[in-house]
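Visitor: Please read through the structure below; I'll follow up with questions.
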Protein chains: 2
Amino acid sequence: MTGYDECASLIEKKKIPFIERLRHAVEIKSVSNDPAARKEVCRMIDWTQKELEKLGTKCEQIKNGKQKLQNGEEIDLPPVLFGTLGNDKSKKTLLVYGHLDVQPADKSDGWNTDPFKLIEIDGKLYGRGSTDDKGPVMAWINAIEVMQELKMDIPINIKFVLEGMEESGSEGLDEILMKHKDSFLSDVDFTCISDNYWLGKTKPCITYGLRGICYYCVEVKVCKQDLHSGVFGGTVHDGMSDLCWILSQLTEVDGTIKINGLKEMVAPVTDEERALYEKIDFDINEYKNDIKVEKLTTEDKVKVLMNRWRFPSLSVHGVEGAFSGPGAKTVIPCKVKGKFSIRIVEGMEPEAVDKCVTDHLNNLWSQRKSPNHFSVHPLQGSLAWVADYNHPHYQAGAAAIRKVYGVEPDYTREGCSIPVTLTFQELTQKNVMLLPIGACDDMAHSQNEKINVSNYIEGTKVLAAYLMELGKL
Amino acid sequence: MTGYDECASLIEKKKIPFIERLRHAVEIKSVSNDPAARKEVCRMIDWTQKELEKLGTKCEQIKNGKQKLQNGEEIDLPPVLFGTLGNDKSKKTLLVYGHLDVQPADKSDGWNTDPFKLIEIDGKLYGRGSTDDKGPVMAWINAIEVMQELKMDIPINIKFVLEGMEESGSEGLDEILMKHKDSFLSDVDFTCISDNYWLGKTKPCITYGLRGICYYCVEVKVCKQDLHSGVFGGTVHDGMSDLCWILSQLTEVDGTIKINGLKEMVAPVTDEERALYEKIDFDINEYKNDIKVEKLTTEDKVKVLMNRWRFPSLSVHGVEGAFSGPGAKTVIPCKVKGKFSIRIVEGMEPEAVDKCVTDHLNNLWSQRKSPNHFSVHPLQGSLAWVADYNHPHYQAGAAAIRKVYGVEPDYTREGCSIPVTLTFQELTQKNVMLLPIGACDDMAHSQNEKINVSNYIEGTKVLAAYLMELGKL
């Protein structure tokens, strides 16, 4: 009987066509936060549907709602792609989630190569979406294709949910999934998501927790239109100064959040939890060296990991409406919008966080005594997620990793948010697992995003092995 | 003998071709701060040269140096256009300065019309450069064209200096002018510059003072590339928080500058000066209503005018390197650059201001105790300028205004910087006058820049009348 070894061997042989598949995916500029690129997101979904249909997957594009743009215009959200491969009542059903959209990228941001071409350099495949999340989605297609070519039985029914708005808050997805709770989702036994990364560069892991996120826009409005700083400077109240002051009052220098009421919400760390963190293979110096940072907010391994996964953090992302180009423009911006977000953890409800943040900001503003106009806009909020990593589903994932890599995976969390994880857990009431394929230095969301050829190919093997293991449950 | 009245009458008759001339100028996208638009700046210079040559002006394009871009690349600066019309040793010589480049503009910034089309609505000509400074340059060409058509004697030799980098610090211009101090500039008797605006919307003025400017870039560097705030948030020191804190420590809420040593530099206001300000026709409520600001930093007429012209002001313009688009991007920017500038007045030397600012910022940074990397970069500096408005040259300007508008002009200053004003005064050692044509609500540097048709046409008459008056000196 054909088994894992034949499968792994064929995956190795098909390395080139598998890279070509990813190349095709990366070349589609499916940037979800750019309304002008919406057609490319849809084209990416169409193309993926065709790839899935070649495997025999029955696909359906579920129409999504409208997106209201800042200028008031409304455009269609991209559809969500549902796929069903296998409908054997004697088998259990796995739900696979992935996303086909990407973060914005432009060579001028500091990329060494064209972000929308897949370029192989030293065993690394550079390109926007290579690791987040086109690579992992292609690995699923690769794994199934190989098992089918070898005429192996896939011991589980597979359902796919692939979306095109993940990098923009998965707009519309929850509503669609809720509507399909008692139909498409009703027979799901496990959910597997490959949309995160190993903790390090060499050791695989399985992920059982995620932080949530609350994202805010703080607006300061000075006047009706931008003013020349020479002509008007000195007579109007500077909006950027107001905004900078507000944004500077959110954290201490070391990142400690100064917003009243948030700390009290955080679930206390148990001794058992702390012991788990102490076992994790994580090198602070390597972490620092990778991002070229000399000093972290803490230099203790457990604290660094907990700051990434277990405690809230606040980041100021930027300012919309002010001068943002190179050189020297002498403008007083009429309206500036500061953007920041808080990564939230278990115990923190987005609504309660929104209230604390809004109260804090309004209180700050009343202290500021500026006659400019101020408003706070929560843009999105999603809960943190934690699963039981002792569940048999996690053990199937761990067995697959042992088969491919010969090591026991670390059990990790992620500091970022994949809101759909929680949705799947709530709607299916079944175990959800994150099975990362890429490495920690893949630089998702950043310049020079990449996936290692080895991670892409071994990851394809892990997914095949995992499908085989699921047959044993 | 043909006189002012015939001239004014022909100017009225030629309104349509004069507007067409300005339309052609506005359609050339001569944005000087965009290296990609450099060719358009040169095209604007070429086109203006041809217009001047039609009047019999002898033109020469003076080669400028190289501009070093932020990416290290070097590109040619646009040439400076010198023109000579008349070379009669018995006549005095007037130098006319103007600039042919414009500020950036994009419809998406909030323009109601395409910024690079001249659109007439309700007697207003909208378009980038309509008032700053293409309209005034075209008015000079119009005035001379009309006097020539009427075969009138132009009682003064005219020299032109027209540049293409004014909106980007007039890079290279000073060097070129210095080189021509003893040749092209040696016989100049007066300099006239039309590159500013009336104080109000109805009463003309002549301008005898300008603030200078010191522009700064403050850089905070966190790490080698942008990071995902979910993956890294909580472990690195937030660079935007550092930058916002620094930028919030420059002024009080009411705009008072907190940088030690600057206040002491400002030349004291004399009683005579204060009396001059009290006479000026200026309506605070109209000013507030025009820009839709409810409360100014002061509500006293003299103080408002002095805050605009006579005292330094600080404006924070924006941040380069952070997220600046619409929507929600979860990035920790690796390197952010805050941009701010100080408008400086008589008594303040840019080098001394740079030292105070740099000391203040470095002192703030040492208090901040952040391990991120910090640096201050002064980007440009230019002195303030003040002239003697009792000079006969100013009286010629005033006489021209009386002829066209029937009123005595106000003697005003401007809060903005036109560094070349000072250069001309220093190199020619002769009187320099600013003779504004546009109105206060023309919104130079802003969305929906315009010049009133009436200002453009009456301004052409003022320039013609001024040329006639100069013959009497």
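Cβ from N, Cα, C; glycine included.
Keep in mind that what you see is a predicted model, and the values were worked out from it rather than measured.
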Visitor: Let me know which member of B:ASP132, B:ASP195, B:ASP410 TrEMBL also records as binding Mn(2+) 1 at the site of B:GLU167, B:HIS445.
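Guide: Looking at B:ASP132, B:ASP195, B:ASP410, the one TrEMBL places in the Mn(2+) 1 site next to B:GLU167, B:HIS445 is B:ASP132.
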Visitor: Looking at the Mn(2+) 2 binding annotation from TrEMBL, with B:ASP132, B:ASP195 already listed, which candidate in B:HIS99, B:HIS228 is the matching residue?
Guide: B:HIS99
Visitor: Just to be sure I understand: of B:HIS99, B:ASP195, B:HIS228, B:THR330, B:ARG343, which binding-site residues have a C-alpha no more than 10 angstroms from the C-alpha of B:GLU167 (Mn(2+) 1 binding site)?
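Guide: Passing the 10 Å Cα cut: B:HIS99.
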Visitor: With the Mn(2+) 2 site defined by B:HIS99, B:ASP132, B:ASP195, which remaining residues of that chain have Cβ atoms positioned within 8 Å of the Cβ centroid?
Guide: B:GLY98, B:ASP133, B:PRO136, B:GLU166, B:GLU167, B:ILE418, B:ALA444
Visitor: Far apart in sequence but close in space: which same-chain residues, 6 or more away, have a Cβ under 8 Å from B:THR330 (substrate binding site)?
Guide: B:HIS228, B:SER229, B:GLY230
Visitor: Please identify, among the recorded positions B:ASP132, B:GLU166, B:ASP195, B:ARG343, the one with the smallest Cα-Cα distance to B:HIS445 (Mn(2+) 1 binding site).
Guide: B:ASP132
Visitor: Closest to B:ASP101 (active site): which of the binding-site residues B:ASP132, B:ASP195, B:ARG343, going by Cα position?
Guide: B:ASP132
Visitor: Short of 8 angstroms on C-beta distance to chain A, which of the listed recorded positions (B:HIS99, B:ASP101, B:ASP132, B:GLU166, B:ASP195) are there?
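Guide: Near chain A - Cβ to Cβ under 8 Å - we find none.
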Visitor: Can you tell me how spread out the substrate site is, meaning the largest CA to CA distance among B:ASP195, B:HIS228, B:THR330, B:ARG343, B:SER417, B:HIS445, in Å?
Guide: 46
Visitor: Just the number: how many Å between the Cα atoms of B:ASP195 (Mn(2+) 2 binding site) and B:GLU166 (active site, proton acceptor)?
Guide: 10
Visitor: Check the DSSP secondary structure of B:GLU167 (Mn(2+) 1 binding site), expressed as helix, strand or coil.
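Guide: In the DSSP reduction, B:GLU167 (Mn(2+) 1 binding site) maps to helix.
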